[in-house]
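What TrEMBL says about this protein:
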COMPBIAS  60-75  compositional bias 'Low complexity'
DOMAIN    27-530  domain 'Major facilitator superfamily (MFS) profile'
REGION    60-79  region 'Disordered'
TRANSMEM  19-37  transmembrane segment
TRANSMEM  95-117  transmembrane segment
TRANSMEM  123-147  transmembrane segment
TRANSMEM  192-212  transmembrane segment
TRANSMEM  218-239  transmembrane segment
TRANSMEM  342-363  transmembrane segment
TRANSMEM  383-400  transmembrane segment
TRANSMEM  412-432  transmembrane segment
TRANSMEM  438-461  transmembrane segment
TRANSMEM  473-495  transmembrane segment
TRANSMEM  507-526  transmembrane segment
Amino acid sequence: MAPIPPGIRLLVSFDRDQWYRALTFVLTFLLYTSFHLSRKPISIVKSELHKNCSPLSELSTLASSSGSQEPSLPSRQTDMDCSWKPFDKGNYKQLLGAMDYSFLCAYAIGMYLSGIIGERLPIRLYLTVGMLTSGLFTCLFGLGYIYNIHSLGFYITVQVANGLVQTTGWPSVVTCIGNWFGKGRRGLIMGLWNSHTSVGNILGSLIAGYWVSSNWGLSFIVPGLIIAVMGVICFLFLIEHPNDLKSISAQKSSPGKSMVQTKHWNGVNGHTEVYLQYKDNKAKAYYYYEDRIGYQSRKSYDTELLLPRDSVCVPVQPVVVVKNESEPSAISFMGALQIPGVIEFSLCLLFAKLVSYTFLFWLPLYITKAAHLDAKKAGDLSTLFDVGGIVGGIFAGVISDKLGKRATTCAVMLLLAAPTLYGFSMISQFGIGPTIGMLLVCGGLVNGPYSLITTAVSADLGTHKSLKGNAKALSTVTAIIDGTGSVGAALGPLLAGLLSAGGWDRVFYMLMTADFLALLLLLRLVTKELVSTKSHPISAVELKEH
């Protein structure tokens, strides 16, 4: 007999639950990757909506001078035709900032409602509808190029609608991953998993950059189609909770195949007793009750009665099942705010996400202006910020798991991020080489705390001991934290558009201030973690003595 290949041995070493856990990890990773993939094109296309027309103007002026024509008229005509109306005016930064703000403001407002709605609807269907509609609105933005639409109202309306439907994504995927993975090594697992944010930004930059110079409409249409396809995959394969698999096992183990007759009688108080007659003349009678676990209703068989070997069916009295604990109900908004740490981490994320999303929406344009690169090269270079974010998110998760201090880990990275941002603003003027290094470092320090708070911290707080095992709070807590962070995400790009008119230095000062404010908001939790570390050995001894 030939030996079993090592790869097959590895595959069979995992049980069914581990395979389903891996499926959920990979699937939710890809689902939210497609969300960020569809958000990134706007930052790449900005430099195409308003081009640097000076080189074309100079060429046009030279051509006009050689033809003995008035140079100023062709130059003005070139300036107007170079950019995409209505972003061809001098206030183009404010208009581009308004588009960012419309998306992010709608996203922030919708996020507070999304978590509450998501807890009361099947996650798989809720997420599927959100992804399909998000794909539709992303494609609509790209169709503005194909149908030559120059209305600012059209683009802002599409951005607002897209921002609202994209709020279905984050609470849903975090709830799913939180249901499948416990607290053990949660920082590492979610640090790896949260790299979908940076992976989506990288893929979105590469896809949008491929068409940005030739047909920027496709820079939106292709990502829109991708997220719509992923929505269909979500509908077909997403398993919300491990308990959902029990219904499959119950169906497989049910004696339905051997049944030849089923009889129903109305019982006491409207209950229904079900009698099953078998081929071997042995019948079983079941009384069942509805058991809500997670979001699906399942039938759980409660009692079984073996009847004599004849065709007489004897009715049984219904069994009343009394549970020790009442069914967990969805937590209220104010109830979620009372969980220790939710307010501090929410406000901290507001400023951390302000910095991260300012880079997300304005970094390619900044590189275009500072390094004098075209739109495609600037978009490709900006992906290094997200590469650093992947490493930073994983690093933050590993360190916080090892130390058991989420707030302290975030605080240290925020403390290092502020001077690094100042260094980036200085070094980016000296060429591509230093810029690459600083982009990697900034990406790690900026996205590390952002990643940790939105994943491991949200999951920890959503399953806090004060909730007494009520897993339905996870979606609401996640939505509150990320919704508050999204307020900062909306303010950051808007402020960047306003401040950049007076120079990019003002933008970086704003980003450094936001990092310091995020750090200050965590000081109470950091102090609490450090104090608990000192008192931990004493409490451990006391436990042993008792």
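Note that the numbers count up from 1, one per residue, in the order the chain is shown.
Cβ from N, Cα, C; glycine included.
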Integer average pLDDT (0 to 100) for the domain 'Major facilitator superfamily (MFS) profile' (27-530): 77
Surrounding residues of the transmembrane segment (192-212) on its own chain - C-beta under 8 Å, 6+ positions past either end: 25, 28-30, 32-41, 43-45, 47-48, 177, 218-220, 222-223, 360, 364, 375-376, 379-380, 382-383, 386-387, 389-390, 393-394, 397, 443, 447, 451, 454-455
Stretch among 19-37, 123-147, 218-239, 412-432, 507-526 sharing the most Cβ pairs under 8 Å with the transmembrane segment (342-363): 507-526
Contact call for the transmembrane segment (473-495) against the transmembrane segment (95-117), three or more Cβ pairs under 8 Å: yes
Range from 123-147, 438-461, 507-526 with the greatest count of C-beta pairs under 8 A to the transmembrane segment (218-239): 123-147
Intrachain residues whose Cβ lies under 8 Å of the transmembrane segment (123-147), provided they are six or more past its termini: 31, 34-35, 38, 41-42, 84, 117, 154-155, 158-159, 161-162, 165-169, 172-173, 175-176, 215-221, 223-232, 234-235, 238, 240, 295
Residue numbers, six or more beyond the limits of the transmembrane segment (412-432), whose CB comes under 8 Å of its CB atoms: 352, 355, 366-367, 370-371, 381, 392, 396, 438-439, 441-442, 445-446, 448-449, 504-505, 508, 511-512, 515-516, 518-519, 522
